[in-house]
C-alpha cells in the first residue's frame with residue numbers, strides 16, 4: 001500500500017511537471033507555473049507582496065510627477081482642441097439653435113475638466129495617489145460615467161426629432177444627425193476624460209479592470225439608447241450584433257493590455273530583485289569592511305555555516321555541494337593548525353595601514369632600541385612580538401585567568417571580601433572621613449546618556465561619589481539594611497585611590513559606571529542579575545581603573561616593572577586594579593558585602609575579576625569574537641552567557657567617550673592623547689622605539705589614527721551589542737560615533753582646521769597632567 005501511494009504520488013508529480021513544461025512553452029505571460037514561485041496575483045492584477053505593489057505604484061507616480069508639466073500641457077491642448085472642433089462644427093452646421101442643452105453641457109464639461117486638471121497639478125496629486133490611489137480612481141471613473149451618460153442622453157434627446165426615418169448600419173455609430181447634413185463628432189468629446197484618466201492616474205494597478213468595464217458600458221449605452229429612441233424603424237438583431245461586437249472588442253483590448261501589464265510587472269520585479277541584491281551586497285561589503293577583523297575562530301564558524309548552507313541548498317548540484325563542503329573542511333583544518341584562534345592574522349594586520357592600532361590593543365611589543373645603538377638588529381624584536389602574541393592567544397576561551405592578589409596569602413575563615421580588622425582600627429579609620437550625608441545628588445541624572453563631565457566650567461570631580469552612591473543605594477544598599485556610612489566610606493576610599501592623571505581618573509570611572517548602568521538597563525540583561533551581582537558589576541565599573549598611574553601594559557612590559565613580575569605579563573594593569581579594589585573591600589569599614597555568605601562572596605569576587613580583566617584591550621578581539629560566534633539574542637542564551645554580556649557592556653562603556661556629543665568627546669580625546677604622549681616621552685627617555693599612538697612627533701597623523709580607532713574598534717563593538725538592545729541606546733551610541741567620525745574626517749580634509757585642532761590638543765595643558773605617578777605598592781603589604 002505504501003509503495004502504491006509513492007507510485008501514485010510520483011506519477012502525479014511527473015504529470016504535473018509535464019503540464020508545467022507545456023504551460024511554460026505556450027504561456028503568453030512568461031510566469032512560473034509553481035504557485036509558490038508566482039509573484040503576481042492575477043485578479044485583481046497586483047503583486048502578492050504588499051511592499052512591492054506599493055513600490056510599483058510609487059515608481060509610476062514618480063515617473064508621472066517627473067513629466068507632470070508635459071502631461072498638463074498635452075491635456076489642456078487636447079481638451080481645448082476638441083472644444084474648438086465642436087464649436088466649429090456647430091457653427092458650420094448651425095446646430096446652436098437645435099442643440100442648446102448639448103452646447104450648454106459642452107461649455108460646462110470643458111470648464112470642469114480644466115479646473116480638475118489645474119487642481120490636480122496644483123495640489124501635487126501624485127503624492128496623494130500614493131496613499132489613496134484606489135479610492136480616487138474609482139471616484140473619478142464614477143464621475144466620468146455620470147457626466148458621459150448625461151451628455152449622451154441630452155445629445156440624443158435634442159436630436160431625436162431630427163433623426164432619419166430609415167437608418168442603415170453605416171450611419172449608426174453615433175447617429176448625431178442634423179437635417180441630414182453632416183455627421184458631427186460631439187460624441188467623441190466624451191472620451192477625452194478617459195484619455196486623461198489613462199495617463200494621469202496609473203491604470204496599471206489592481207483597479208485597471210474598472211476602466212475596461214466603463215469603456216464597454218459606454219459603447220453598450222450608445223447603441224441601446226439609440227435603439228430605444230428609434231425602436232420603430234430599427235431591427236433589434238442589429239443592435240444586439242453591435243453590442244456583441246463592442247463586447248468582443250473591449251475584451252480583446254482588455255486581454256492585450258492585461259498581458260502587456262503582466263510583462264511590465266515582471267520586468268519591474270526583476271529590476272527590483274536585482275536592486276535589492278545589489279543593495280544587500282553593498283551592505284554586506286560595508287559591514288565586512290567595518291568589522292574589526294575576522295579572527296580565525298570566526299572564520300571557522302563562518303566556514304561551517306557556509307557548509308551547512310550548501311548542504312541544504314537544493315539549487316546546487318551534488319558535486320558542487322560536495323566540493324564546496326570538502327574545500328571548507330580543508331580550510332578549517334589549516335586554520336586549526338594555527339595557535340592564535342582568537343586573534344587576527346598578523347599577516348593581514350601588517351597589510352593594513354593601521355597595524356599600530358592592533359599593536360596597541362594586542363600588546364605587541366615594539367623594538368627595544370637603545371639610543372646609543374639605534375642601528376642594532378631589528379629582526380629579533382619582531383620575533384619576540386610574534387611569539388608574545390601567540391603566547392597571549394593560548395589562554396583558555398572559557399574563563400579568563402584569575403590571578404589572586406597577594407592579600408589572599410593569609411586567608412581567614414571568610415574570603416578577603418569579608419576580612420575583619422580590629423575594632424580600634426575601624427573606629428580610627430572611619431573618623432578620618434568627613435561624611436557629607438546631605439550631598440547634593442540632584443544635578444546628576446543616571447538615566448541621561450549625554451552627561452557633561454568635562455564640557456563645563458570645571459570638571460565634575462564629585463561625580464564619582466554621587467553616581468556611585470545613587471546607583472549602589474538604588475540596586476543594593478537600600479534593600480540590605482547596610483549603613484550609608486559604609487557606602488560613603490567605600491566610595492571615598494575608592495576615589496582616593498584614583499590619581500589625577502589626564503584620562504584614567506575618577507571622572508572617567510564615573511562616566512563608565514553611569515554608562516554601564518544605562519546599558520545594562522536598556523539591554524536585555526537587567527532582569528537576569530541579582531541585586532548583589534548588580535552591585536558587584538557597578539563596583540567593577542567604579543574600580544576598573546583604580547590606582548591607574550597613566551601608563552599602559554605595553555609600558556610596564558617594556559620597562560620590566562614590578563607589576564610585570566607579579567602578574568607574569570598577563571593583563572598587568574587590570575590585575576593591579578583588581579588587587580587594589582579587593583584591598584579596599586577587605587576592610588570591614590568599606591565592605592558592603594559583609595552580610596553575604598562565603599559561597600556568594602566567592603562568586604561575586606569572580607564576577608568582579610572577570611569584568612575588570614575584560615577591560616584589557618589585548619582581549620578586545622577575543623571577547624568580540626566570542627560574542628559574535630554565540631550570536632546572543634535569546635534570553636536563555638543571555639542567562640548562560642551573562643558574564644560575556646557584562647564584559648561587552650563594560651567594554652562599550654569604557655570606550656563610551658567616543659559615543660557622546662562632539663564637545664564632550666573632544667575634551668576626553670585631548671586628555672587621552674596627552675596621557676599617551678606623556679608615556680611616549682617617558683619611553684623615549686628610556687631608549688625605546690615608539691608606537692605612533694604615543695609619539696608626540698607623529699602628532700600630525702593623530703586624526704587618521706583616531707578615525708581608524710573609531711572605525712575599526714568602536715563601531716564593530718557597539719554594532720555587535722545591538723543584538724541585546726531592547727531600546728534605542730545602541731542606535732544613539734552609533735549615531736554619536738558616526739557624527740564624531742564624520743567630524744574628524746572633515747577636520748582632516750581641511751588643512752587649516754586640522755592644524756588648529758591638532759594645536760589645541762596640545763596647548764593649555766594643566767600642570768597637574770605633567771605629574772608622574774607610580775603604582776601603589778602598599779596594597780601588597782601583608
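Each Cβ is built from the backbone N, Cα and C atoms, and glycine gets one as well.
What Swiss-Prot records for the nucleoside 3',5'-cyclic phosphate site is 504, 505, 506, 507, 508, 545, 706, and among 447, 455, 597, 654 the residue it adds there is 654. Swiss-Prot lists transmembrane segment for one of the ranges 9-29, 30-50, 240-260, namely 240-260.
Per Swiss-Prot, the listed range annotated as transmembrane segment is 70-90 (candidates: 70-90, 280-300). Relative to the membrane, residue 91 and residue 550 are listed by Swiss-Prot as lying on separate sides. In this structure the C-alpha atoms belonging to residue 507 (nucleoside 3',5'-cyclic phosphate binding site) and residue 544 (divalent metal cation 1 binding site) are separated by 12 Å.
Note on proximity: of the binding-site residues 544, 545, 654, 706, the one nearest residue 504 (active site, proton donor) is 545, by Cα distance. Counting in whole angstrom, residue 544 (divalent metal cation 1 binding site) lies 10 from residue 506 (nucleoside 3',5'-cyclic phosphate binding site) by their C-alpha atoms. Under the DSSP three-state reduction, residue 545 (nucleoside 3',5'-cyclic phosphate binding site) is assigned to coil, being neither helix nor strand. DSSP assigns residue 505 (nucleoside 3',5'-cyclic phosphate binding site) to coil, not to a helix or a strand.
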